[in-house]
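J.: Under the heading active site, TrEMBL lists Cys273, His331, Asp354. According to TrEMBL, the feature Ca(2+) binding site maps to Asn394, Asp396, Glu443, Glu448. The annotation compositional bias 'Polar residues' is assigned in TrEMBL to 480-493. According to TrEMBL, the feature domain 'Transglutaminase-like' maps to 265-357. Sequence annotations record features per position, and here TrEMBL assigns region 'Disordered' to 472-493.
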Amino acid sequence: MAALKIANVNWQSKLNKAAHHTSDYSSTEAILRRGQAFNITLHLQTMVQSGDNFTFIASTGPSPAESQRTKAVFNLSEEGASGWSATQEPSEPGCLNFTIFSPANAVIGRYKLKLQIVSGNKVSSTLLGQFVLLFNPWCPNDDVYMANEKERQEYVLNDSGIIFQGLEKYIQQEAWNYGQFEEDILDISLAILDRSLNHRQDPAADVSNRNNPIYVSRVISAMVNSNDEKGVVEGKWNGKYCSGTNPLQWSGSVTILRKWYRGRYKPVRYGQCWVFAGVMCTVLRSLGIPTRVITNFNSAHDRNINLSIDKYVDISGKTLHLTEDSVWNFHVWNESWFIRRDLGSFYDGWQVLDATPQERSKGIYQCGPASTRAIKEGDVNLDYDSSFLFAAVNADYVTWIHYSNKRKERIYSDTRKIGKFISTKAVGTNSRVDVTANYKYPEGSLKERQVYKKALKLLAVRSTGKRTKITRRRRRSSVAWRQNMTQPTQKPSISGKLVLDASPVIGQDILLTLALRNLTSDFKNIRVKLRASAILYTRRPKAEILQLSRSVKLGSEEVKEISFKIAYSQYKNSLVDDRKILVTAVCETKQGASLLVEKDIVLQDPFLTIKVLGPTVVHKAVNVQVTFTNPLSEVVTDCVLRAEGSGLIKDQLRINVARMAPMESSTVQFEIIPYKSGTRQLQVDLVCIHFSDIKAFVMLDVAPA
């Protein structure tokens, strides 16, 4: 009796990809989602014998084993113990059609599928091929199931997006090319899992755990930064970026991920929070986990987790680094959608993950997943890292003046400053959605304070009930602070406000007014010390720009305005790429009362306009015209215009702009040939050593060929 011989295997690529929502992946490989049937057809060289028995074997990882759920053995028409099954469908002569079903909790990754045929006393085994199995947000039994189709389109299938940056009062849109379906990106995402510390320590156990989005997302949060495991991106927040790329110059994840992969896993220099979040969003979406990017304005970095951020300034308004706590103008992280079998159904839904290396979690720079419900309810004892993230959105902010004799004076305490306008891109549009209510109860409400006190109490005692030295120290800090807060504060005698006279634009002078008001009927003699510093978005000062002092006399309930200017010549050599300036005014009366007034300034870029000169159709060339202006009153040279966009440009386009005269406008034209239909994001970025990047984007509706 001749053994069954297979001529070829048809993986029904188009049919399966459409059914599994994987048609966008730029790969000829079979890419499937778990918990869902797929079809294959075997074209035979010999006929099937009536006594032939078929057994399928699906395996993944370096050491497949049924006990680890990395190997499944299943016969026709009966579900194996693993949950995998196969049925034979009607077929034409010389063919065999099979429908194969994977369980909704299958391990994700690259599989081999073998067919074992028992014919009489002969056993033969044939490798049918390989396929990649992903998480399935369309499957109700999958832990990542998302019921709303529009949300699935946004959080799984959208390959571009918006990351919000700037200040709470000046929120800016920055486009980001996620590109999760671009060539190699899925392979790179799987390689990231295989390069993890967990995989190197115990490959079999690591692969076995890849059925769990909690585990997979936590591993990715560690691997996107390079701190422990030679991961994808190396962070840098100070100094020059000569040995790498300035974080502000990245416009998407594809270039970064390919550079890491093609460079033999050497970390890509450099990233900051939005880069880590953008890359992690790409990787998690490519693996099938619904993910979005979140921006938290006035984000606290509470090193000792006592839920109080102390800021110290000297009498001239200079920030003093007497604490490791800090407040960033904004911080960017991710949320992924899945259920929490480890915590209970109350904590299902959006889970916070942060790949920016700030603090170690269980010995590694990783953060999350932390349930947004746990953060909102103050359940800071729950896995993973909910206490750190609770502080990021809900710590209290206390400002002190530190005098030369080491005496310090608490100027004010603010329970509402931290965690403002927590933002993400809307479903289906580029508008901003405020999700602050997912993280905390309304500021100033009784419930918000109750949750805060609950969190303080939980942080004071470990789950074992035993106090440690660290726990006791934290508790003393919290209690001391709370006692300070209950002490009566002196009623302020003066108030002040810093106001911009006009929108600040790079290359121009900045005009400000300090308005001071006497809140009493007494005459006041006030000494004002003004300081302006170039800062990073983390609010760390980088360079001093201006210092000046004034004496102001205020009569009974009088208001006076002090106008001053920060000239372009003063800030042009000090301003870092973030284009941010912090202005502080310390106002002191002879009676000893002090007032601190602060103003964050973001210098605006000149406009860059993009015009697409014709209809956009797949595989048809169309010209794009970009117009931009040199914002400076000096000649600039060696600028580069860059363009990218998934489905529009396969590799980043670079065009040299040799010379631009002062205030000169320039136009550049280039050609794109779209290769995917649908809504696409085209990004353009003017890079120049004389000023920070000027960026713009446009959304294009690309018609099918």
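Keep in mind that glycine also has a Cβ here, set from the backbone N, Cα and C atoms.
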J.: Out of these recorded positions, Asp354, Asp396, Glu443, which one has the fewest other C-beta atoms within 10 Å of its own C-beta?
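T.: With the recorded positions Asp354, Asp396, Glu443, fewest surrounding Cβ atoms within 10 Å: Glu443.
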J.: Using a 10 Å cut-off, grab the number of neighbouring Cβ atoms around the Cβ of His331 (active site), all chains included.
T.: 25
J.: I'd like the number of other C-beta atoms within 10 A of the C-beta of Cys273 (active site), please.
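T.: A count of 26.
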J.: So among Cys273, His331, Asp354, all listed as active-site residues, which is physically nearest to Asn394 (Ca(2+) binding site)? Use the C-alpha atoms.
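T.: If we rank Cys273, His331, Asp354 by Cα distance to Asn394 (Ca(2+) binding site), first place goes to His331.
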J.: List, in sequence order, those recorded positions among Cys273, Asp396, Glu443 whose Cα sits within 10 Å of the Cα of His331 (active site).
T.: Cys273
J.: Specify the count of other C-beta atoms within 10 Å of the C-beta of Asn394 (Ca(2+) binding site).
T.: 25
J.: Suppose the Ca(2+) site is Asn394, Asp396, Glu443, Glu448. Which further residues of the same chain have a Cβ inside 8 angstroms of that site's Cβ centroid?
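T.: The answer, listed by sequence position, is Thr415, Arg416, Ile418, Gly419, Lys440, Gly444, Arg449, Tyr452.
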J.: What does the structure give for the C-alpha distance between Glu443 (Ca(2+) binding site) and Cys273 (active site)? Integer Å is fine.
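T.: Cα of Glu443 (Ca(2+) binding site) to Cα of Cys273 (active site) measures 26 Å after rounding.
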J.: What recorded positions in the list Cys273, Asp396, Glu448 lie within 10 angstroms of Asp354 (active site), counting C-alpha atoms?
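T.: The recorded positions passing the 10 Å Cα test are Cys273.
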